[in-house]
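Per TrEMBL, the features are as follows:
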BINDING   Glu65, Glu97, His100, Glu195  Fe cation 1 binding site
BINDING   Glu97, Glu149, Glu195, His198  Fe cation 2 binding site
Amino acid sequence: MFRVNKRVLQAASGVVASPLDAITTHPTKKQEILNMLKNHQPVKPLTKDQRAYFNRVIRVDQAGELGANYIYAGQFFILANKYPHLKLVLQHMWDQEIHHHSTFNKLQLKHGVRPSMITPIWTLGAFAMGAGTAFISPQAAMACTEAVETVIGGHYNDQLRVLNNFFKDKELIKGEGNYEINEIIETIKQFRDDELEHLDTAIKYDSKQAVPYMILTETIKMICRVAIFAAERV
Ligand SMILES: [Fe+2]
Ligand SMILES: [Fe+2]
């Protein structure tokens, strides 16, 4: 009896063996990790501290996007009929906030993160801020958007810095790492870009002409920073 080598048989039948064959029968560590990523399994569980930070990110961002949603609702409610040229502009930004909010709602459910306990305050406060500034003038509403998106853009950048520096497991696979971390990084990156687009839109629609510009924007920035601090913790 003699054994026929698999490769000899494949060569004889014209089927060329792929280098992947070896991986399929004996998965390498790299292939194993790639399969886990494909199946959305965490490659390496987060440490206790990483999990605490990760949950905090989801909690504060869900609360923030809820707030953003209601700010635009308030602005739309006051301005849409009175200023038809702003209707579509506001609607577009509001639609994006609805998408941001629902994405974080899903992430919150998926990872079992409890929502901020003062959610009703974010809802009411945000609607009042949106409607209140819109009531002053369309420019004041845009100044509100400019201030909010400046703070949120910076907040998202801070989170991206932490997630990229302390979470990605670069030793496992360069540029890959843990699926849940990659997912949140990509989500935040995309939303950060949307927020910065809203900031540009606000400036384009005369946020700088708001009176009193400095008081409005600095007060709103301060409120946003306090809200972020609180929503991360409570
Ligand atoms: Fe947003
Ligand atoms: Fe936004």
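Cβ coordinates come from backbone N, Cα and C, glycine included.
Those TrEMBL annotations? Automatic predictions, nothing curated.
Within the same chain, residues at least six positions away from Glu97 (Fe cation 1 binding site) with a Cβ under 8 Å of its Cβ are Glu65, Ala68, Asn69, Ile71, Tyr72.
Long-range Cβ proximity for His198 (Fe cation 2 binding site), meaning a same-chain Cβ under 8 A and a gap of 6 or more residues, is found for Met93, Gln96, Thr145, Glu149. The 6 Å Cβ screen around ligand 1 retains Glu65, Glu97 from the binding-site residues Glu65, Glu97, Glu149, His198, ordered by sequence position. Other than the site residues Glu65, Glu97, His100, Glu195, same-chain residues with C-beta atoms no more than 8 angstroms from the centre of those residues' C-beta atoms, the Fe cation 1 site, are Gly64, Ala68, Asn69, Gln96, His99, His101, Ile152, Phe191, Asp194.
Ligand 2 lies under 6 Å from the Cβ of His198, out of the binding-site residues Glu65, His100, His198. His100 (Fe cation 1 binding site): 24 other CB atoms within 10 A of its CB, across all protein chains.
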